[in-house]
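Asks: The following feature annotations were taken from Swiss-Prot:
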type: BINDING; residues: 331, 336, 376; note: Fe cation binding site
type: COMPBIAS; residues: 1-10; note: compositional bias 'Pro residues'
type: MOD_RES; residues: 19; note: phosphoserine
type: MOD_RES; residues: 31; note: phosphoserine
type: MOD_RES; residues: 40; note: phosphoserine
type: MOD_RES; residues: 472; note: phosphoserine
type: REGION; residues: 1-31; note: region 'Disordered'
type: SITE; residues: 425; note: site 'Important for substrate specificity'
């Protein structure tokens, strides 16, 4: 597919780049309203992690001595209490452990599991280890057993069993992934451009209802956009398209040309999600699904695992065409969709989603940060020059100029570094990560994902649109059989053409 043969710009200062635009564009780029940015997946993921950590800390703090059963978490099962207990030994003598174990023997507790772990709260002069025991004891003996353990051990507390967070196993279960972040809802946020516009707020509710009612397998309902909405789209479309030839990566340019040819991408009409979804399905297997706003990080990333991109249908307020505090269809259709039409980038996006399934809150926050610095704000090298591939850049006139100017710092993409890099959500990014190629980024991401601690691996089955959980020799063997069938087909094809 040929790409526009426009000369690539040399990096220049951001202010110089802005000064070369017309007055209206320059004002939009530098105005405070434009510089503010939508809430990110990272912020949502961090809030989820901090809330979970606070709940766990509160549970630990409330399990100090007093009432032996106060704040103890256990499961009732046929008259028995089943629980997890953590404790540290009192002193360093070998007999310390035997005294603790003797307590469980005295009460005839059935021990299911016993292990040592690094102590979360090591005590001075004590081994930096603690003991985890899962046991079962008659419910009537539980209080006495806990009191006895506390007499011979330190830092005794119950612990919830580490459970893998729920995640969808089949694509239809994405109907359950609808947790929205409401901070930038025009009904709730005083700073939202549409807060004082009752007509706009009512329009948003009408379009949001489409997403709330949508179920997997249904065609995405069409939206009849108003003249004002189309005018807003036109201003964004024309302004950004003028930069793509010199600032966007070749994959975005090729995808954008195809969308103009086959999906009705043009300045005087907003594409319908159903038409775009059908096009993507044929190109890379990705599908669109309507969403009413900004999804929680875990739900959004889980959707990517199924090659489903959650996409808004509403458009930003007419008073702020160059900026939206939340994702809207300009951001999705102009930034994300052309990139999802590329097979390698589509696989990269799905890999991030697969890595998120069953991951801890801490890992979700890190993956969201990797997503932020790649899929949203990533740069790549092409023909020795920097180009933009992140949707946050390709749908933001000001940041697209800024990212390829001399002002920001550019670092080589490394998932371990990007995962903990502080991000900027109030102005333009001071740091961007550049990938040598999408294949290189994909390989680095897979290496990073392989080190995420989960008691299983996952594999997407493209025939059933389901997630295979590889947690036993049997499930792995079954998956290998499918790979062997594919290899046989490829080997036959090679022999046929050689």
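Even glycines carry a Cβ here, placed using N, Cα and C.
Since the structure is predicted, the reported quantities are computational estimates derived from the model, not experimental observations.
Mind running through what each feature is packed against?
Replies: DSSP classifies residue 376 (Fe cation binding site) as helix under the three-state reduction. Using a 10 Å radius centred on the Cβ of residue 376 (Fe cation binding site) and all shown protein chains, the other Cβ atoms total 25.
For residue 472 (phosphoserine), the count of additional Cβ atoms within 10 Å of its Cβ stands at 10 [all protein chains shown].
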Asks: List every residue in the same chain as residue 331 (Fe cation binding site), at least 6 positions away in sequence, whose Cβ is under 8 Å from its Cβ.
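Replies: Spatial neighbours, sequence-distant, of residue 331 (Fe cation binding site): 312, 324, 391, 392, 395.
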Asks: Could you tally the C-beta atoms, other than its own, that fall within 10 angstroms of the C-beta of residue 336 (Fe cation binding site)?
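Replies: Cβ-Cβ neighbours of residue 336 (Fe cation binding site) within 10 Å number 23.
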Asks: Please report how many Å separate the Cα atom of residue 336 (Fe cation binding site) from that of residue 472 (phosphoserine), as a whole number.
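Replies: Per the Cα atoms, residue 336 (Fe cation binding site) and residue 472 (phosphoserine) stand 37 Å apart.
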